[in-house]
């Protein structure tokens, strides 16, 4: 490995960070658009500090906690800059930072493997400014954090393959642990990666000059896999323990009403996903259509290995294991009807290939210089083609619904939801300021409104430790208003409608319709406070 100056890498990071941040602020602040999942993670961090019942457990136990945990320190500055919370700018700051960190990591990997600064700059730019990668570096979503940890895991593994240094295995293991705290796809990726590591160790025994005994090979395998896998295993067990200790169910994140399984329960009626469920061929075709644009640079690696006659080496099989792990998981989930099949779920082979390319191009340096130059040109063309193809798919509302919505934000339902949330929050704030009222709402779907409210201490929300009691007996809990969404799509999982049936349409004997916001939200006024009515049992 070659030591190089750190300043070019720092400049690369600053450029990527600045561009991502500018675009993110433009989208979130000027155009009032940020994906709902991004704002939901901001809200989880916000509840820890500014809700009516602030506590660390308010961060939630459905989605992986790392993005929200990292946003908490930045949200301490919310009194100075409210837009950090209301417009989700804290999420933009976070993803811009990780997009920059990914670019720096790749740049340093290229330079450490002996590539010129121009080769490094070119290929890092082609990755960082791929339309998909750039969008997700600016929009507050968890994908770019996960991509950083994937790149870190792969580059560390490649360093271990070359140097056999234990520290590289340690880095790769901790990258996996942080990846698990970011997205659950780590389970499939980590399992396939562990299998690849085992194959590498076995291959070393076969080609070693001095044959090792099976005992020595086994001990080496055992030690390496333990170092590699223990961080993510302990992290997973800790997450299960926290779910059990705080939520009363060790698998709450997996099987609660708000979990992925709960949210995907109605996918059989979805016009896009419905035909895929139970049809393996359709699931494979669906996944291929969304994956192929990200797989194009793999052709460069195949071409380089063919020139060296190394296509069927075990390290290439390791690469295939890594890049197919998450797509295979998606195929299974689509087949079972537990995935929405968003375009972003299929991007992960691209960062893994991008992390592998410096290693592969370094091998080409042992060939004639012309071979190396042609390999770089082929890689360049395929990265450009991947970006163009990805950009075209992002303009297709059928294949890339979320990305299409981001590009055409002014026409999007997300933009309209944000505008409505501002209106609702303004109305509730006025009532709170005039009458000091208390409003109950399920933050699962009302997080936009909570973030925009100036008086979160008057909002009884899902993470409050007395929420279940307040929901059971709104009158006895001194609730003045209840805000509910129309129970359609995932809003059907909302706690009030789940508890009281047709609450949105009919109210109850203790709550009457007060205000209707558009055709999606209703505010009910709690009555009969002087009668001390009993909670409704269902």
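Glycine is no exception: its Cβ is also placed from the backbone N, Cα and C atoms.
Long-range neighbours of the transmembrane segment (7-28) within the same chain, counting only residues 6 or more positions beyond its ends whose Cβ lies under 8 Å from a Cβ of the stretch, are 34, 83, 87-89, 92-93, 95-97, 99-101, 103-104, 107-108, 111, 117, 121, 124, 128, 134, 137-140, 406, 409. Taken from TrEMBL, the feature transmembrane segment applies to 7-28 (among others).
The transmembrane segment annotation in TrEMBL covers 88-107 (among others).
Marked as transmembrane segment by TrEMBL: 119-138 (among others).
The list of residues near the transmembrane segment (144-161) in space but at least 6 beyond its ends in sequence, with Cβ under 8 angstroms from a Cβ of it, reads 1, 66-67, 94-95, 98-99, 101-102, 105-106, 109, 133, 136-137, 168-169, 171-172, 175-176, 178-179, 182-183, 185-186, 189, 193, 197, 200, 315, 322, 347-348, 351-352, 354-356, 358-359. The transmembrane segment annotation in TrEMBL covers 144-161 (among others).
As annotated by TrEMBL, transmembrane segment applies to 166-182 (among others).
Among the features that TrEMBL reports, transmembrane segment is placed at 188-206 (among others).
According to TrEMBL, the transmembrane segment annotation covers 226-246 (among others).
Feature annotation from TrEMBL assigns transmembrane segment to 286-304 (among others).
Residues or ranges marked as transmembrane segment in TrEMBL: 316-335 (among others).
The transmembrane segment annotation in TrEMBL covers 341-359 (among others).
Per TrEMBL, the feature transmembrane segment maps to 371-389 (among others).
Scored on C-beta pairs under 8 angstroms, the neighbour of the transmembrane segment (341-359) with the top count among 88-107, 119-138, 166-182, 286-304, 371-389 is 286-304. When Cβ-Cβ distances below 8 Å are used as the criterion, the transmembrane segment (88-107) is approached by residues 8-10, 12-14, 16-17, 20-21, 24-25, 27-29, 34, 38-39, 41-42, 45, 67, 70-71, 74-75, 78, 81, 120-121, 123-124, 127-128, 133-134, 136-141, 144-145, 147-148, 151-152, 155, 351, 354-355, 358, 451 of the same chain, each at least six residues removed from its ends. Listed as Cβ neighbours of the transmembrane segment (316-335) (distance under 8 Å, sequence separation of 6 or more from its ends, same chain) are residues 154, 185, 187-189, 191-193, 195-197, 199-200, 273, 276-280, 283-284, 286-287, 291, 295, 298, 301, 305, 310, 341, 345-346, 348-349, 352-353, 356.
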